[in-house]
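Quick look at what Swiss-Prot annotates:
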type	residues	note
BINDING	ARG25, GLN26, ALA27, GLY28, ARG29, ASP75, TYR152, SER207, HIS323	substrate binding site
SITE	ASP75	site 'Transition state stabilizer'
Amino acid sequence: MAAAKTILRSLAGETLPTPPIWMMRQAGRYLPEYKATRAQAGDFLSLCYNPELAAEVTLQPIRRYGFDAAILFADILLLPQALGADLWFVTGEGPRLSTITTQADFDKLKPVDEIDAVLNPIYETVRILRRELPQETTLIGFAGAPWTVATYMIAGRGTPDQAPAHALKDENRELFEALLARITQGTIEYLSRQIEAGAEVVKIFDSWAGSLKGADFQRYALEPAREITAAIKARHPDIPVIGFPREAGDGYIGFAKATGVDCVALDNSVSAEWAAANVQVDGCVQGNLASSHMVTGGQALIDETRAIVKAFSGGPHIFNLGHGITPDADPDNVQRMIDAVRGQ
């Protein structure tokens with residue numbers, strides 16, 4: 001039964017003797033089987049839009065490690081592509097998009113009710129996964145948070161300081177907020193379709209939340225997360241939402257109450273002890289082992305994993321990394337982490 005799934009129990013506020021575990025980017029280039037399937041697909045976007053192959057790479061880490069959750073294999077930039085932005089990937093450099101910096105650029109975007117024409121293969125991937133995943137494994141869908149997605153749409157690429165997005169916000173706030181509103185509404189529909197296809201949990205990734213300060217954090221990180229969560233809860237009241245305002249620092253405090261999310265995912269810039277005292281008091285937390293341990297391994301990996309489990313043992317906790325696993329990670333270190341979490 002779904003109610004017995006450990007991830008869902010933690011998200012409902014239950015403190016378990018052993019925390020459930022999954023890993024951001026658990027389907028990825030550190031796994032040889034992923035690289036083989038990626039080669040079969042031809043390129044990254046072709047893999048995302050091929051339901052059978054996307055389901056296969058989602059299932060690979062479940063078969064290998066027995067994680068408590070599978071996260072849909074996709075990308076946060078599929079939504080901007082569905083809204084009409086050009087999207088391509090440059091080998092060794094990452095994503096590129098056509099930029100949205102003028103009203104004319106914005107006017108070329110598609111309305112939200114047209115996104116399914118592009119995103120239907122993603123929903124089919126979800127349906128395949130619900131059929132093929134082990135009964136005890138929770139299926140997580142996801143999307144990027146509006147601020148983070150906007151930073152890519154404005155700059156046309158990832159940037160170290162999100163300066164182009166901050167510049168548009170300051171110079172043409174009306175256009176900036178119109179773009180954020182379009183992304184917010186698109187995110188609500190995109191996540192709702194994932195849920196209708198079978199996702200049991202959804203996660204909102206705000207990878208660049210840490211670059212928002214003060215009133216901007218409230219307005220462009222908290223408020224969109226609250227709006228999306230409220231809309232999801234109105235349509236799907238039983239579906240938990242995880243929020244990840246990466247590098248929010250003190251902004252993690254009160255995030256769950258301000259947004260309505262069921263769980264706050266933590267990066268590893270905050271200590272587990274601090275987060276237990278300041279964030280876990282409001283409910284479930286997820287995290288927050290440094291992904292570098294998946295590369296270096298050794299006793300430090302075991303010790304830090306056990307320390308995080310201990311720090312969060314007084315409340316609901318889902319074990320995860322503080323950032324996505326990197327391509328240079330050792331697959332054996334992932335198993336060592338899992339064994340340490342599960343007390344083996």
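Keep in mind that glycine also has a Cβ here, set from the backbone N, Cα and C atoms.
Positions of Swiss-Prot features highlighted on the structure.
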{"residue": "ARG25", "record": "substrate binding site", "Cβ within 10 Å": "19"}
{"residue": "ALA27", "record": "substrate binding site", "Cβ within 10 Å": "25"}
{"residue": "ARG29", "record": "substrate binding site", "Cβ within 10 Å": "14"}
{"residue": "ASP75", "record": "site 'Transition state stabilizer'", "Cβ within 10 Å": "18"}
{"residue": "TYR152", "record": "substrate binding site", "Cβ within 10 Å": "28"}
{"residue": "HIS323", "record": "substrate binding site", "Cβ within 10 Å": "20"}
In three-state DSSP terms, the structure that TYR152 (substrate binding site) belongs to: helix
Separation of alpha carbons, ASP75 (site 'Transition state stabilizer') and TYR152 (substrate binding site) (Å): 12
Euclidean distance between Cα atoms of ASP75 (site 'Transition state stabilizer') and ARG29 (substrate binding site), Å: 14
